[in-house]
Amino acid sequence: MFLLQRFFIYGLFLACFYTTVFGEKHFEAEEYRDSFLSQENMNKINHTTIERLFREMTENDPSLLSSSKTLAELSKGELAKAREDLKSVLSFLKNNLPVDTESSSEAFTIEKDNNSCVWLNSVKSFVEKQFSYSSGTNGILATFLTAIPPNIFILLVPKSFDTSMLNLFVAVSAGSLLGDVFLQLLPTVYSTNGGDFPASSVYSILIGALVFFLMDKGIRILIHERPSSLSKPKKDGEETSSVNKPSASSTQTDVKGVEGLRKRNVKDDQNSKGHEPDLIRHVVEEVSEEYNDKTVVYLNLLCDSFHNFMDGLAITSAFFTNTSIGISTTFAVLLHEIPAEIGDLAILLRNGYTKSQVLVLQMITMVTGLLGAIVATYIYTASSSSSPYGSFLLQLEDKLLPFTAGGFLYIAYLGVFPELLEINLSKGKLGNMIYTALYMMFIVGGFSFLYYV
């Protein structure tokens, strides 16, 4: 295997060598060679870049690999140039090949930078071997795996969990989502369209963001839409959840309304002869609390189900594009799901649910994620048929990746970053500044992680 890999690489560089023979006729291929042999780019060589360069060169001019010009027909200048090229290549390979006598026939790792971690490439290679099945099977398997760590994490998180520590996970989630969009999804859309970004892909990104916006807005409307007679004024010191947190203007209006209700209630109590108003008000408050709690729980479950469906769709679509992109999308979804599941845990525990009940509800939402993976598999499989329906699915298939990118952008900028903008008054100014610096570090860390995946 090792000899075959070397033969492939030497053949590639011999193809680069032939670009000097044909002069201006193969000027573009010569640019590939010069770019490839520059020290800055040589430090970024891996199997993917080698295969890409090989494909570009052969597509540029297939005759590069089948030239009839022999070594005797080359001029002294051409031979000198070839020697320098091969000398540079061999020197680079000698300095970067791993020294391992037992597994040298299977290991071929070239560092991206001088101080690059070889173990990271080994981990990536190991993960890719786990997804050696068909694209559809890989997508369903990855979707299932993304649901396991968050549920395990739920069991380990104590009920009194510091929200500032939770926001560190949220920051990693934000960085990973942006990394998946800008380092994986959008470059793939660009490359699959021949170095172009068609208007249909741009609108698909917009549609993806709008779908998540409509879902988010609809849930907010449904949560706050209840009979005004059932509205319950908050007690002093009672905290408001992030889901039902009103804006500043609405808070002022609510305060005035509550004061008016209090004055009216005092007047009613003075004029009444019995305790009937107190009893009625107590019943109304209990009904209001039960109605609001059930609404929050059910709508949160609905939101999670749709979100997991879109995650399954995105992961499987990425695997049908490329295994490496599928793995990076899986990591992005996984890093986002952990803080999201903790947030769901907080909502459900606050409404009286036990951890075991929370896990049952999360299993229900996991099924919707698997359903999304199955739908994506069906779309990509059926699109290969020559029927009009298959043609429609083929067009839909091309829009799934940019649609996913738009959804991830909405989640990152309007779903995740606003949580990081919240100020924790108990930490003080210095504490909030320190946590802000930590958020920046974790965002960059999450983004950089997707660069190496």
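Cβ coordinates come from backbone N, Cα and C, glycine included.
Per Swiss-Prot, compositional bias 'Basic and acidic residues' is recorded for 229-238 (among others).
What Swiss-Prot lists as compositional bias 'Polar residues' is 240-254.
What Swiss-Prot records for 256-278 (among others) is compositional bias 'Basic and acidic residues'.
The region 'Disordered' annotation in Swiss-Prot covers 229-278.
Per Swiss-Prot, signal peptide is recorded for 1-23.
If you look up Swiss-Prot, you'll see 24-137 (among others) marked as topological domain 'Lumenal'. Mean pLDDT of the predicted structure over the topological domain 'Lumenal' (24-137): 54.
Marked as topological domain 'Cytoplasmic' by Swiss-Prot: 159-165 (among others).
In terms of DSSP secondary structure, the topological domain 'Lumenal' (187-194) contains 6 helix, 0 strand, 2 coil. The topological domain 'Lumenal' annotation in Swiss-Prot covers 187-194 (among others), and the record cites sequence analysis as its basis.
Marked as topological domain 'Cytoplasmic' by Swiss-Prot on the basis of sequence analysis: 216-358 (among others).
The topological domain 'Lumenal' feature in Swiss-Prot is assigned to 380-399 (among others); the stated evidence is sequence analysis.
Annotation comment: Swiss-Prot describes 421-432 (among others) as topological domain 'Cytoplasmic', evidence class sequence analysis.
Long-range contacts of the topological domain 'Lumenal' (187-194) within its own chain (CB-CB distance under 8 A, at least 6 residues past either end) are made by residues 201, 321-322, 325, 398, 401-402, 405.
Note: the topological domain 'Cytoplasmic' (421-432) comprises 9 helix, 0 strand, 3 coil (DSSP; helix = H, G, I, strand = E, B).
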